[in-house]
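J.: Below is a structure I'd like to ask you about.
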Amino acid sequence: MSVAGGLEYLEKLRDFFYGLAELRDRLKERGFTWPRPYPAEGVAAGTVKVKAGFPAMLRNGVIMDVTNVEQAQIAEEAGAVGVMVLDKLPYDVRKAGGVARMADLKVIEEVMSHVTIPVSAKVRIGHYYEAFLLQEIGVDLIDESEVLTPVDDQHHINKWLFTVPFVNGCRELCEALRRISEGASMIRSKGEAGTGNVSEAVKHFKALYRAINELAAAEEERLRDYARQCQAPLELVALTARLGRLPVITFAAGGIATPADAALMMWLGADGVFVGSGIFKSQDPRQRAEAIVLATAKWDDPEAVVEAQKMVSERAAMVGIDIKTLKPEELLQTRGL
């Protein structure tokens, strides 16, 4: 179709939709009630289908941690599939110490009003009411996160009580299965947030898939033993073994700071990546955001990843933290069961 023909077609399409809108308004004035085109239960908010389906739409994408509208707009312009609003970036949480809590609701709402991509926010492990508040203001995804200070070390939120999908972190398969059994619609690796060091995320993803591969070759009795060991439903263990992966979308997170880091995690089996401090604690956030988005989407194309890596400079990257220098009590990944 020529350019002129395409424009003519778009004009006709516009006139058609305007005509439909006028017809709708006239019928409304006459008191016409619109019939439901599909059963309500098929699209009801909060169903497993809806809560698991939303994260599936984010595959091969990047969700970026942000603390304000300006950062959120940079993320959107770079091609991020979503933003995660925090009070402080994980690197700053680690440096500041003290109690890390949910971001200000006003800041979250301000971000929601300025970007068109999905907006998520973190809550403290076990803090039901932070989660209820985020659901009330209409966030798209809630992260029950070890980056914030837990209010309950022994019990996570029962996510079946909410209509908004949740994401939780894990270090290995048992942890992931417990979170899914609690209602998590999405899983991510914990890694070690705020370090700019991807080594822990790599370790967690390898542990996750090593266990899944072992289950895939296991007999039924072994699956029963594993379910008891993990304190997870046998049906969930069996489904994971049959699929050869977790039955929910699984993102990588924790220390991703370069396009190569993102591509590595995708190669290890991630469906997408969360990037925390790696972008906005660098000296080239806009270019780095674009480069990580490109490397994540095109991770299986070496030429594209080379192009992405050339977009950033190692000299501009955030100053990383060697995991070995952290004391046990400084590790964020150990929070939660």
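Even glycines carry a Cβ here, placed using N, Cα and C.
Since this is a predicted model, take the numbers as computed values, not measurements.
Features from Swiss-Prot:
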BINDING   Asp65, Gly194, Gly255, Gly276, Ser277  D-ribose 5-phosphate binding site
ACT_SITE  Lys122  active site, schiff-base intermediate with D-ribose 5-phosphate
BINDING   Lys206  D-glyceraldehyde 3-phosphate binding site
J.: Given the residue listed as 'D-glyceraldehyde 3-phosphate binding site' and Asp65 (D-ribose 5-phosphate binding site), what distance in Å do their CA atoms have, once rounded to a whole number?
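T.: With the alpha carbons as reference points, the distance is 24 Å.
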J.: Measuring Cα to Cα, how far is Lys122 (active site, schiff-base intermediate with D-ribose 5-phosphate) from Gly276 (D-ribose 5-phosphate binding site) in Å?
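T.: Cα to Cα, Lys122 (active site, schiff-base intermediate with D-ribose 5-phosphate) and Gly276 (D-ribose 5-phosphate binding site) are separated by 12 Å.
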J.: Please list, in sequence order, the residues in the chain of Asp65 (D-ribose 5-phosphate binding site) that are at least six apart in sequence and whose C-beta is under 8 Å away from its C-beta.
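T.: Correct list: Val83, Met84, Leu86, Leu89, Pro90, Phe274, Val275, Gly276, Ser277, Ile279, Phe280.
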J.: Give the number of CB atoms, excluding that of Gly276 (D-ribose 5-phosphate binding site) itself, located within 10 Å of its CB.
T.: 29
J.: Indicate whether Asp65 (D-ribose 5-phosphate binding site) is helix, strand or coil by DSSP.
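T.: Its secondary structure by DSSP: strand.
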J.: Quick one: of Lys122, Lys206, which of the recorded positions has the smallest count of other CB atoms within 10 A?
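T.: Comparing Cβ neighbour counts within 10 Å for the recorded positions Lys122, Lys206 gives Lys206.
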J.: Quick one: what's DSSP say for Lys122 (active site, schiff-base intermediate with D-ribose 5-phosphate), helix, strand or coil?
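T.: DSSP call for Lys122 (active site, schiff-base intermediate with D-ribose 5-phosphate): strand.
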